[in-house]
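Visitor: One structure is given below, represented as structure tokens, and several questions about it will come after.
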């Protein structure tokens, strides 16, 4: 399994995606800075909770869509062009191959969300030390709770990011995969008057289970699955 993962990473030149992810993180940092230093309507972030909420929302939205691009590249495109049939001709277990691809997408999304939250959050707290756009000093307890929240939210978002695979695999459509991810982000993470569906705990949990089920279904019968949509 590890060898398959390594081969997939080399095949798709994962370093290129890492660079794009870093650029996305820089853009999120820039956007949060613009919000923080916009003093036209007073303080944008009243406390650390609102700051971390904004960072987490932008981060999860960005990398759920990014995950759909990875799903399209690693899985959908191979079925659409039928290049995956070449791999199936080799003595490779189909389930292991699909699991390896899903593991890469899931892990990349999870790590990206965690790192982006930590890096952008730390940089914003550092800037706050000099510019004081937020009147609050974090305690050790708050830092610990926030770190745990970042990990749990990243885990849920990583499973949610697999949902577009279901729609993309129906017609092996890259567009359907990416559009579905955008619609999911808009539906869950759109904030109106300080409220979003993501704040209802049961919704991200339920969607996480749906994502996990879709991932399992994608390789459960793959040995007998026809590559034609």
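Yeah, the Cβs are placed from backbone N, Cα and C, and that goes for glycine too.
Predicted automatically and left uncurated, TrEMBL annotations should be read as such.
From TrEMBL, for reference:
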- 20-37: transmembrane segment (TRANSMEM)
- 57-76: transmembrane segment (TRANSMEM)
- 97-127: transmembrane segment (TRANSMEM)
- 147-167: transmembrane segment (TRANSMEM)
- 174-191: transmembrane segment (TRANSMEM)
- 197-219: transmembrane segment (TRANSMEM)
Visitor: Under 8 Å, at least 3 Cβ pairs, sequence separation 6 or more: does that hold for the transmembrane segment (20-37) versus the transmembrane segment (197-219)?
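Guide: With fewer than 3 qualifying Cβ pairs, these stretches do not touch.
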Visitor: Please indicate, using numbers and ranges, the residues of the same chain that are 6 or more beyond the transmembrane segment (174-191) and have a C-beta under 8 Å from a C-beta there.
Guide: 57, 60-61, 64-65, 67-69, 71-72, 76-77, 80, 160-161, 163-165, 167-168, 197-198, 203-204, 207
Visitor: Please report, as numbers and ranges, the same-chain residues at least 6 past the borders of the transmembrane segment (197-219) whose CB is under 8 Å from any CB of it.
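Guide: Same-chain contacts beyond the ends: 57, 60, 75, 94-95, 98-99, 102, 106, 153, 155-163, 165-166, 169, 184, 187-190.
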Visitor: Residues sitting near the transmembrane segment (147-167): Cβ under 8 Å, six or more positions beyond its termini, same chain?
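Guide: For the transmembrane segment (147-167), the sequence-distant neighbours (Cβ-Cβ under 8 Å, at least 6 residues beyond its ends) are 52, 56, 60, 63-64, 67-68, 71, 75-76, 102, 105-107, 109-110, 113-114, 117-118, 173, 176-178, 180-181, 184, 188, 204-205, 207-212, 214-215, 217-218.
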